[in-house]
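Report on the structure given below.
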Protein chains: 2
Amino acid sequence: MKNIFLKVSYDGTNYCGWQKQNNAVSIQQTLEKAISNITREDTELIASGRTDSGVHALGQVCNFKTSSNIPSQKFAYAINSKLPKDIRVIESKEVDFSFNARFSAKKKTYMYRIYNSEMANPFYYKYSMQVAKKLDMDLMSKNVNMLIGTYDWTSFYTYETNNPKNPVRTIYSADISKNNDMITFEIEGNGFLYNMVRIIVGTLIDIGLHKNERDIKQIIEKKDRLYAGATAKPQGLFLKEVCYQ
Amino acid sequence: MKNIFLKVSYDGTNYCGWQKQNNAVSIQQTLEKAISNITREDTELIASGRTDSGVHALGQVCNFKTSSNIPSQKFAYAINSKLPKDIRVIESKEVDFSFNARFSAKKKTYMYRIYNSEMANPFYYKYSMQVAKKLDMDLMSKNVNMLIGTYDWTSFYTYETNNPKNPVRTIYSADISKNNDMITFEIEGNGFLYNMVRIIVGTLIDIGLHKNERDIKQIIEKKDRLYAGATAKPQGLFLKEVCYQ
């Protein structure tokens with residue numbers, strides 16, 4: 001038995017998200033089917049975390065165990081030959097048997113794209129959230145800096161029955177920049193609560209539109225979801241990278 | 001009666017191209033339906049030219065005549081409210097009654113994107129042509145410069161019964177550049193024959209792979225389609241701009 005690490009990139013538009021569901025096509029199910037097709041075994045994939053419907057990945061990581069004697073590096077090519085074009089395995093390698101894509105993850109980086117233009121763009125609507133009114137980039141930048149540090153993020157996640165008990169996470173870096181009408185936000189942390197990045201972005205948008213007079217620091221201190229903004233749309237979110245060391 | 005000019009951007013992936021067809025959905029038909037929905041009139045759209053199935057447009061231009069009293073600049077918003085998200089009218093204005101999007105066009109600019117990477121990318125496959133082997137950019141650049149001028153382009157178009165009799169066209173500028181793995185080719189001319197840009201790109205790719213020992217100048221001189229390369233895939237092609245003065 002070998003433990004195989006996969007780095008995967010996908011356009012989440014046509015999927016119900018990472019996780020298997022009964023009445024919809026998921027990334028996980030599509031990948032497991034392609035792998036089983038190659039290995040002739042049942043496949044159980046473990047991912048670094050779920051992504052929601054419409055959310056994209058540049059570097060999702062997952063792993064599975066197999067008795068197949070396909071060389072580890074060749075798995076990427078073999079699996080890709082069985083996948084639709086909107087999912088690509090960009091790397092495959094053998095890792096230590098103890099490696100678990102979810103529990104071994106040390107850092108994650110997410111990217112969120114905001115298209116700040118009055119006019120919608122047919123090439124961007126699946127890969128960004130459009131905000132028609134001009135956003136105050138200076139004010140947003142100041143607030144992005146307030147995200148860095150170790151905090152209780154209770155104001156910034158969606159309650160679920162299986163939420164982790166501890167809402168403390170550390171953000172190592174956060175950055176926002178603008179290129180023409182496209183704003184790119186990047187955030188790196190040791191972990192993220194459910195919808196945390198999208199709620200942070202929704203709050204930054206409210207701040208950038210001068211619709212929330214509190215700053216990020218004050219909203220963190222409230223420890224109450226009501227003070228943060230709406231959850232920003234899934235199509236602007238990209239899981240960029242997962243680090244394991 | 002007014003003559004309305006529209007500038008339109010579209011993702012051509014899900015359409016059979018600009019022109020109306022019996023068994024498939026075209027950009028033209030989708031736009032005419034949206035306009036008729038607003039004006040309550042039959043609509044006949046004239047475009048600067050057709051685009052083929054899968055080809056995109058950043059700035060296609062078309063015009064139609066109407067008795068509607070909707071202010072000309074408001075047409076863009078009104079039509080967009082009736083269109084799918086992959087087609088957007090980005091400008092509308094009234095023009096002289098003699099304006100004809102096809103016959104008044106003086107210059108056109110096309111862009112073609114080549115994704116030069118061994119690994120396919122789930123975000124690029126609808127918006128570029130992938131070439132796995134490394135292309136010789138220096139050699140391609142030299143050949144791109146040979147495109148500029150007034151020539152008989154017989155080597156570079158697909159024969160059709162309704163082809164224009166005169167295969168002479170003037171290319172004002174042509175440029176190729178690379179950013180990471182994405183190569184962008186741009187070409188501006190007074191007009192283009194059927195498939196001309198895609199055949200030029202297919203030929204440049206052969207030259208960049210050292211698979212065609214002739215250069216562009218020599219292939220132009222042959223005046224024979226057999227010496228040029230294959231027609232490059234439609235999904236890499238974008239109609240970027242049409243100029244009328």
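Backbone N, Cα and C atoms are what each Cβ position is placed from, and that goes for glycine too.
According to TrEMBL, the active site, nucleophile annotation covers A:ASP52. Annotation for A:ASP52 (active site, nucleophile): same-chain Cβ neighbours under 8 Å, separated by at least 6 residues, are A:GLY12, A:GLY17, A:ASN195, A:PRO234, A:LEU237.
Here TrEMBL flags A:TYR110 as substrate binding site. Just so you know, the Cβ of A:TYR110 (substrate binding site) picks up 24 other Cβ atoms within 10 Å once every protein chain is counted.
Residues annotated as domain 'Pseudouridine synthase I TruA alpha/beta' in TrEMBL: A:9-103 (among others).
Positions annotated as domain 'Pseudouridine synthase I TruA alpha/beta' by TrEMBL: A:145-244 (among others). Here the domain 'Pseudouridine synthase I TruA alpha/beta' (A:145-244) has a mean pLDDT of 95 out of 100.
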